[in-house]
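What follows is a short report on a single structure.
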Amino acid sequence: QIFNQHNAEALDLEQAFHRMAQTEPNLDHDVSWFLLPSYWAKMVVALISFLCFANSYDGDFVFDDSEAIINNKDLRTETSLGDLWYHDFWGSKLSSNTSHKSYRPLTVLTFRINYLFAGGFYPVGFHVINIILHCIISVLMVDVFSILLGGLHFSNKGRRLNLAPKSSLLAALLFAVHPVHTECVAGIVGRADLLCALFFLLSFLGYCKAFRENKEGHTFSIFWVLVSVILGAIAMLCKEQGITILGLNAVFDALVINKINILELIQKLLHKDKSLENSGLLRKGLLFRITLLMSGGASLLYIRWRIMGTGPPAFTEVDNPASFADSLFVRAINYNYYYSLNAWLLLCPWWLCFDWSMGCIPLIKSVSDWRIIALAALWFCLIGLICQALCSEDSYKRRILTLGLGFLIIPFLPASNLFFRVGFVIAERVIYLPSIGYCILFTYGFSLLSKQAKKKRILAVAVLGILLINVMRCALRSSQWRSEEQLFRSALSVCPLNAKVHYNVGKNLADKGNQSAAIKYYREAVRLNPKYVHAMNNLGNILKERNELHEAEELLSLAVQIQPDFAAAWMNLGIVQNSLRRFEEAEQSYWTAIKHRKKYPDCYYNLGRLYADLNRHIDALNAWRNATVLKPEHSLAWNNMIILLDNTGNLAQAEAVGREALELIPNDHSLMFSLANVLGKSQKYKESEALFLKAIKANPNAASYHGNLAVLYHRWGNLDLAKKHYEVSLKLDPMAPGTKENYNLLRRKLEQLQKKGG
């Protein structure tokens, strides 16, 4: 064996462990790997897991972070903490038809704490917590793998012993550096998976504590079994997968604590063998403990079902096309293909993508599709492993393989489409927990190879190379998650057929003002998915801004035809129709948008603009007032009300509206400017001057601010100050309408005054 340079303490521990488990086969006998004391092993795992993802600490909010964090009202103090228990992960009411029914209140609570401590939406604190959580989980994995690979053994003093220190270290390192975990760690929304995994592992370790013999000689502690159930419930409140730990605890109890041979048990049950009565299952309390676990699980599922409501979440065909296939054969074959791709991501995590939907993986519709080979390979391997797990004469081999398959498969079941439709094709985040099973199987496979290999050093170096490659891949992938531009562009080579990838690249370019490039990607998104209404809507918006109104109208009309309740597209269609001076159609489109989204302040604002163009002033004011009621900080609606009242001579009403607006939005310089104009016309010069100066301080480069302040001084008789601000205004905008004429009038007046004075 190599890499066995360790201190005397480690040697003593190893010898003690072997003496205490002479009858128990040990994986470490065949594994050529480092042997470190427990605390050093955990420090190494913590350090390496930190290095993998450290460069994501200063990343932005990306992809789903916007909806789950920035736009989630549950993070703000004005939302009651009690509301978190009735809202989904995205801040919507669970009773809503549009809710995804993802119930993760404890994860949202940690986001809220992050937000409060940071004093706002600063991503660094969110990222740091994610990195720390992954490090803690990786360290806990050393203990978890020591139990799964080495068995559960205690010293005379009740201290748990690690009989597989080398194997558990290797498995923990494989877990810590797996690149498929990058989405969970570098993407802030992955906090749900991290918290779920943390309490998942604590539940397992708590369950193991139940078997530490106490002073009364009881073989297990009901207290720790109940603690394990409670920790499983907490895991489920972080993410739905957490409940699967209760099933895994039952499997662990049967295989490790009771050393049950599953195949033998099945045969006895089928043949009604009387020896079952003397099997000791009842005496050892297995059935009682499983009853506790299953009762706890059933209660949690019932409570979750009641909170969520009886209706399942509503997903669309683009989210998970296989689940909408009419043929049972097509659904089954594609689900299995998805499983094979998840398995491949565990084996070779090189092609990673933030989203695998929308044509990224075309449906298999025929057995002649060559991708059927992937299914065959998956089931060939699974059936082989299952047969060995059930039929092997080696009890240790049966235990390891069954535990590995259990931890691989059971946590994945909620994402498998078997029990309910999920809203994705493949999601790298859901492999976080199943990767535990992969690490068990990899480590066991490595031990078998080491046992057969003559040159163990080469094999160990190869595994070390895999770990090093994974570390570099994690660092590279983490850097891609630091910004949306890098994240979206990295997906173009992995999923070139994914319309959502092109859509997100286009949206990112549009947000940066690069409309020409954005149009190219939006067009490609629509080409790949001709029913992609969001891409049509965004493309129509850009074309509208570029005054390509007819094509914009065609796209938006098609979008609302495909999805008649798409409120945003109806509103944008109304804006285009208004620009084309088809006012009746525009008004109808606006009202249709409001019909589908009753609380739509931006639509009321645009409706008000339409009424203002038609000189329907009362209707315009009512529409803008509705916008400000729904969204009190809607500055444009307030401004338009002030300007319309000012232009129609209702100065007192305009002043009242302006003061009301500034009470709600005290730092809005455009409102200061509009109210200052009204006050100036009402000859309240001093107050008007103060507001103009405050607006200029907030936005010193606005030519109109200086120009209108100059007009105020001109009226007030402060001619020198008027001259100064006219000049500043003309310097900022030489073509400012009316300013040059007013300035020339002032100059002539000053010349006349000079002549009179002379």
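Note that Cβ sites are derived from N, Cα and C of the backbone, with glycine treated the same way.
Per TrEMBL, domain 'DUF1736' is recorded for 311-383.
TrEMBL lists 499-532 (among others) with the feature repeat 'TPR'. Per-residue pLDDT, averaged over the repeat 'TPR' (499-532), rounds to 94.
Annotation comment: TrEMBL describes 533-566 (among others) as repeat 'TPR'.
Per TrEMBL, the feature repeat 'TPR' maps to 601-634 (among others). Residue counts for the repeat 'TPR' (601-634) under DSSP (helix as H, G, I; strand as E, B; rest coil) come to 27 helix, 0 strand, 7 coil.
Annotation source TrEMBL lists repeat 'TPR' at 703-736 (among others).
Sequence annotations record features per position, and here TrEMBL assigns transmembrane segment to 39-57 (among others).
Positions annotated as transmembrane segment by TrEMBL: 131-151 (among others).
Panel annotation: around the transmembrane segment (188-208), residues 61, 63-65, 68-69, 89, 104, 106-107, 110-111, 123, 126-127, 129-130, 133-134, 136-137, 140-141, 143-144, 147, 152, 160, 224-225, 227-229, 231-232, 234-236, 238-239, 241-242, 244-246, 248-249, 252-253, 411, 429-430, 432-433 of the same chain, lying at least six beyond its termini, place a Cβ under 8 Å from a Cβ of the stretch. Residues annotated as transmembrane segment in TrEMBL: 188-208 (among others).
Positions annotated as transmembrane segment by TrEMBL: 220-237 (among others).
Annotation source TrEMBL lists transmembrane segment at 286-305 (among others).
The transmembrane segment annotation in TrEMBL covers 372-391 (among others). Sequence-distant contacts of the transmembrane segment (372-391) (same chain, six or more residues past either end, CB-CB distance under 8 Å): 262-263, 333, 336-337, 339-341, 343-344, 364, 397-398, 401-402, 404-405, 441.
Residues of the same chain lying 6 or more positions beyond the ends of the transmembrane segment (403-424) and with a Cβ under 8 Å from any Cβ of it are 100, 148, 200, 240-241, 244-245, 247-248, 251-252, 255-256, 312-313, 315, 319-320, 322-323, 331, 335, 338-339, 342, 355-357, 382, 385-386, 389, 430-431, 433-434, 436-438, 440-441, 444. Taken from TrEMBL, the feature transmembrane segment applies to 403-424 (among others).
According to TrEMBL, the transmembrane segment annotation covers 430-449 (among others). Sequence-remote contacts of a segment are chain residues at least 6 beyond its ends whose Cβ falls under 8 Å from one of its Cβ atoms, and for the transmembrane segment (430-449) they are 27, 30-31, 141, 144-145, 148-149, 167, 170-172, 174-175, 178, 180-181, 184, 190, 193-194, 196-197, 200, 241, 244, 342, 345-347, 385, 400-401, 403-409, 411-412, 414-415, 459, 463.
Sequence annotations record features per position, and here TrEMBL assigns transmembrane segment to 458-476 (among others). Under 8 Å from some Cβ of the transmembrane segment (458-476) lie the Cβ atoms of residues 2-3, 32-33, 48, 51-53, 55, 170, 173-174, 177-179, 181-182, 349-350, 446, 449-450, all in the same chain and six or more residues away from its ends.
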The correct DSSP tally for the repeat 'TPR' (533-566) reads 27 helix, 0 strand, 7 coil
Chain residues in Cβ proximity to the repeat 'TPR' (499-532) (below 8 Å; excluding those fewer than six residues from its ends, i.e. six or more beyond):
63, 318, 353, 355, 357-360, 484-485, 488-489, 491-492, 538-539, 542-543, 545-546, 555, 562
Helix, strand and coil totals (DSSP H, G, I; E, B; other) for the domain 'DUF1736' (311-383):
36 helix, 0 strand, 37 coil
Looking only at the recorded stretches 131-151, 220-237, 286-305, which one has the largest tally of CB-CB distances under 8 Å to the transmembrane segment (39-57)?
131-151
Six or more residues beyond either end and a Cβ under 8 Å away: which residues meet both conditions relative to the repeat 'TPR' (601-634)?
567, 571, 574-575, 578, 583, 586-587, 590-591, 593-594, 640-641, 644-645, 648, 661, 664-665
